[in-house]
């Protein structure tokens, strides 16, 4: 009977557990079914997120073409990459990470320029300038306006840049520099003028401070010289970076030839027109004309490289002159520091000589004090019984002290421990 009751109890407990688990499963299924469905992803939400990302990455650019037309717009990286046909890594050069570097990079359809505050992308038709409203960039914008005034026809409409390029293609290579070289020249001119102004201000500040330091060596003057040296080091690094970039271009003719974007644009148009208008009847004449044109372009290519080389050499010499001026100021600072150190060493030697003289005098006085202290003890001596001996004894002890001082001082001079 006991075993039957135990089995009945076990069966009843198992049934109760099964009922509880079934009730829990039903409650969880009801909660899942009653929960609201997730919000669907609509195209409007995707567009809003994309707009936020673009707005976060958009920067202020100025577009300036060869006709003089100008507009200031906010563009993101993707728009600039598509418009200028440059790789995305080139935009990093124009970013804040490489703000203190100087680069002139030639690409297939553009030139990426990063010179001091001038950050731009030059194509055969237009210029894309970054941050055109900065005070340091405004002189470059004004020079662009002066160099390329806005061209209009009789009706007042702006002449398109393609017509100008077609005119260049018809006339061949012009005597003046192409559009991209003129923009590069303006950028180098503005940067060199900015650096020249900095060098002038450095020289104006340096000479009085250094002259004052030679007259009066003080903490204030030394602090001025320290700040001057730090400014000189930064300015020398800026000039050196621009100079090295121009020197790198001058050392490689292929890089200079790649900078000629107008020739590339004209050759591409000629090839496209030749492919469209080519027929079977004039293939031979076309081939001969292409050979002659290729020979002409190969000959003119060297001339254009020479023109660019002359342009870069002019600014290279100007930067070399600035570098020499800065090095002259640094040499004058070094000479002033050497003079100040010599002056301080001389003062230090004089102090050492004075200290040695005082030490010799104290040695002689100490010897005199020793004799006096010996006679001041309560020791019986026949001199105590002599009359009027005090004056003679004092004068003789003083004479011994003076003689000892002179002998020691003469020995120091003989050993050249003291100056003459």
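Quick reminder: no glycine exception, Cβ is built from N, Cα and C everywhere.
The region 'Disordered' annotation in TrEMBL covers 1-43 (among others).
According to TrEMBL, the feature compositional bias 'Basic residues' maps to 12-21.
Look at TrEMBL and you will find 225-259 tagged as coiled coil. Beyond the ends of the coiled coil (225-259), by six or more residues, the same chain brings 100-104, 106-107, 111, 115-116, 180-181, 184, 188, 191-192, 195, 198-199, 202, 205-206, 209-210, 213, 301, 304-305, 308-309, 312-313, 315-316, 319-320, 322-323, 326-327, 329-330, 333, 336-337 to within a C-beta distance below 8 angstroms of the stretch.
According to TrEMBL, the feature region 'Disordered' maps to 272-300 (among others).
Annotation comment: TrEMBL describes 279-299 as compositional bias 'Polar residues'.
What TrEMBL lists as transmembrane segment is 356-377 (among others).
Listed as Cβ neighbours of the transmembrane segment (389-412) (distance under 8 Å, sequence separation of 6 or more from its ends, same chain) are residues 356-357, 360-361, 363-365, 367-368, 371-372, 375, 383, 418. The annotation transmembrane segment is assigned in TrEMBL to 389-412 (among others).
Counting only same-chain residues 6+ beyond the ends of the transmembrane segment (356-377), those with a CB under 8 A from a CB of the stretch are 383, 393, 397-398, 400-402, 404-405, 408-409, 412, 417-418.
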